[in-house]
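For reference, the structure I am asking about is given below.
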Amino acid sequence: KYICMLFQISRLIQVEISFKLKGIALQTIHARELPDCYAFQNTITFNNRAHSGKIKIYFDSDTDIQECKDWHIFNPVLQKNTQYILVFDGFVILSCLASLILCTRSIVLAWRLQKRFVTFFLEKYKRHVCYADRLEFLNGWYVLVIISDVMTIIGSILKMEIKAKNLTSYDVCSILLGTSTLFVWVGVIRYLGYFQTYNVLILTMQASLPKVLRFCCCAGMIYLGYTFCGWIVLGPYHEK
């Protein structure tokens, strides 16, 4: 439909255009199950209240997900693939749960050993152990693995719920799984320490990490100042 309007642009304050769209997600079809239908309620707003010579445009969209009606679709291949994915997700959850339990057990044992060491040092030498020496009993890699496992378990459960059409938290699921994948690959670095050549590099990175962080803090001040300067100077000329 085309609408032709004739009006004076100087008197225009605000115009809203609303329309609906419908779509079908054929990729999520399960056996003997109706596909998902999406109803989009869209609104486009032309705002000229400032009368600055440039009309601001806003777009708002609300989505409603529901099962389609009067559809008869059967896809056994897709049903098998979905079952395989759910089985794989369950295997991932069990593996991460076992890793979580073992790493937590190691940290608890290390904490007990640290308390025994502090007690022994106090009784034997009458001296208190400093905080830096206590941290030597805490394995940072295990902490990283625990955080990664927790995020993977939660993300996999959300993924299974989304696959079962009980949730639509795509953003939360992707953030959890993506961040846990990053932590997993960072944790792979510790296995390189078993090789002499790579171990030297890892020890160098550990020794230089405090100085690098201090440099990033100093350089970050300059970067933030440059960013705010560009935001203030160039901001009025760009919508973003």
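Heads up, the Cβ atoms here are built off N, Cα and C, so glycines get one too.
Keep in mind that TrEMBL annotations are predicted by a computer and have not been checked by a curator.
Feature table excerpt (TrEMBL):
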| type | residues | note |
| --- | --- | --- |
| DOMAIN | 5-69 | domain 'Mucolipin extracytosolic' |
| TRANSMEM | 84-111 | transmembrane segment |
| TRANSMEM | 141-158 | transmembrane segment |
| TRANSMEM | 170-192 | transmembrane segment |
| TRANSMEM | 212-234 | transmembrane segment |
For the transmembrane segment (170-192), name the stretch out of 84-111, 141-158, 212-234 with the most CB-CB pairs under 8 Å.
141-158
So what pLDDT does the domain 'Mucolipin extracytosolic' (5-69) average out to?
75
